[in-house]
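Input: a single structure, listed below in structure tokens.
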Amino acid sequence: MAARAGWISRVLCLLPLPLLSPGTAGAGDLIGHGAPVRDIAIAPDGARAITSGFDDVAILWTLPEGTQRARLYGHDAAVNAAAFLPEGRAVTVSDDGTARIWSLDTATERAVLSGHERKVVDVAVSPDGGLIATASWDRTIRVWDAAGGVERAVLEGHEGPVNAVRFTPDGGTLISVGYDGTIRHWPIGGNDAPAGTFATVGFPINDIALLADGRRAATASADGALRLWDMESGENLREVPAHDGAMLTVAASPDGHMLATGGTDGHLFLWHLTDVGTGESEVPAVDVPLEHYRAVWSIAFTPDGATVYASGIDRVTRAFKASDGSPVEGTATPFQPIERVSRDLADSDDPVERGSFQFRKCAVCHSLDAEAPPRSGPTLDGIFGRRVGGLRGYTYSDALRAADFVWTPETVSQLFAEGPDVMLPGTKMPIQRMPDAQARADLMTFLKHATEDASQPARKEGESQAD
């Protein structure tokens, strides 16, 4: 047993690390998620923020201290975005296809907004706080009453997933962007203008930021270019090659003088808007190289424009000075890797080491330690011999609660061979297949070594590993 423990410690050094111990975090950084952070929203007063995580949780924070105030539990899948509402409320959206309204003082769910047929990836609140708009991969935008969550409108026209939605500063129009490469405008309320396509780009558009003056907008596209638009004429004012890879997010400072962009290349760029608009510069004013942090998924400025927060794949939301890109208080939280597996292991003669390489993607959603911070999926500690939907304390989808079999090397391998959507229809598990039989066998060998003995009797639903 001691030899096995030593082997596990050698392998686990290549796998996910726990959250930081006290004293090592950067001042003002937000650390609390057990999985990648999809979005950050900052309240209009600048005193609070909400981060949305791949661990199915939204967290309310106090700024600038970076202390947790509440954790919002209720979604059945990754939480993709959040927005603040009047009267101490907020709204979140999720891969589970719903939006949820929360009372922040009590961290309780007030309403569930159902109607979308696929994941909901973005949310916006009208300037007066009366309406909520949600963007979904079902190709629609839905408008809801913010007081009670009643659906007011379904906006159809995009020919692919809708990635982002924004209200114009006057609240009379919705602007959306999507995978079809279009920017579209939708009149709402008393606006009698026709809906239509504002502009078309030859690449999927991932995000849009409207400037405070309401006359210009910036978009983030899959080709990595930053584009600035005239919102009245539809003219492309400027196109700047920015990221080496897809640009995932763009934000505008409240005063309209700066843009921030993030992408798959792991860079956070800060741009002086005058340079972008006039063509005086094709390089960012500030380059914060975060290559080790991988993709930058979300960016938000504080209302005073002094600080910019960036979140991404390593579970930490970091605070930087907008003036020069340096960490707030001069200290940055060290990189918290989701995986640290050498590519060389894929070619090892040892099937266990090859399996550890295959596990690197599983590690985004699952830990091997029952005491590790929560991630979007249940821990794999004790997976073999566990009944489906049987880990106490984890909220399963209806599909997994209804299933009736035991996880074994054979059934887990079948899951990767067929795909979760085939083996467990209705599951919220990400669709991921592993068609190579040898790769699946290596992964099962690794899991058998890295978890408890598969010879233990199957546990019934609700039983803990200690029961």
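The backbone N, Cα and C atoms fix where each Cβ goes, and this holds for glycine too.
Sequence annotations record features per position, and here TrEMBL assigns domain 'Cytochrome c' to 350-451.
As annotated by TrEMBL, repeat 'WD' applies to 30-71 (among others). Per DSSP, the repeat 'WD' (30-71) is made up of 0 helix, 24 strand, 18 coil.
The repeat 'WD' feature in TrEMBL is assigned to 72-112 (among others). Within the model, the repeat 'WD' (72-112) shows a mean pLDDT value of 96, rounded to a whole number.
Counting residues 6+ beyond its ends, the repeat 'WD' (113-145) has Cβ neighbours under 8 Å at 77, 80-86, 91-101, 151-156, 158-167, 169-171, 174, 176, 178, 186, 188 in the same chain. The repeat 'WD' feature in TrEMBL is assigned to 113-145 (among others).
Same-chain residues lying 6 or more positions outside the repeat 'WD' (155-186) and placing a CB less than 8 Å from one of its CB atoms are 118, 121-128, 131, 133-143, 193, 195-210, 212-214, 217, 219, 221, 229, 231. Taken from TrEMBL, the feature repeat 'WD' applies to 155-186 (among others).
Helix, strand and coil residue tallies for the repeat 'WD' (205-239), in that order: 0 helix, 22 strand, 13 coil [DSSP]. The repeat 'WD' annotation in TrEMBL covers 205-239 (among others).
Annotation comment: TrEMBL describes 240-273 (among others) as repeat 'WD'.
Residues annotated as signal peptide in TrEMBL: 1-27.
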Inset, instruction - With DSSP as the reference, give the number of residues of the repeat 'WD' (155-186) in helix, strand and coil. - result: 0 helix, 19 strand, 13 coil
Inset, instruction - Just give the helix, strand and coil counts over the repeat 'WD' (240-273), going by DSSP. - result: 1 helix, 20 strand, 13 coil
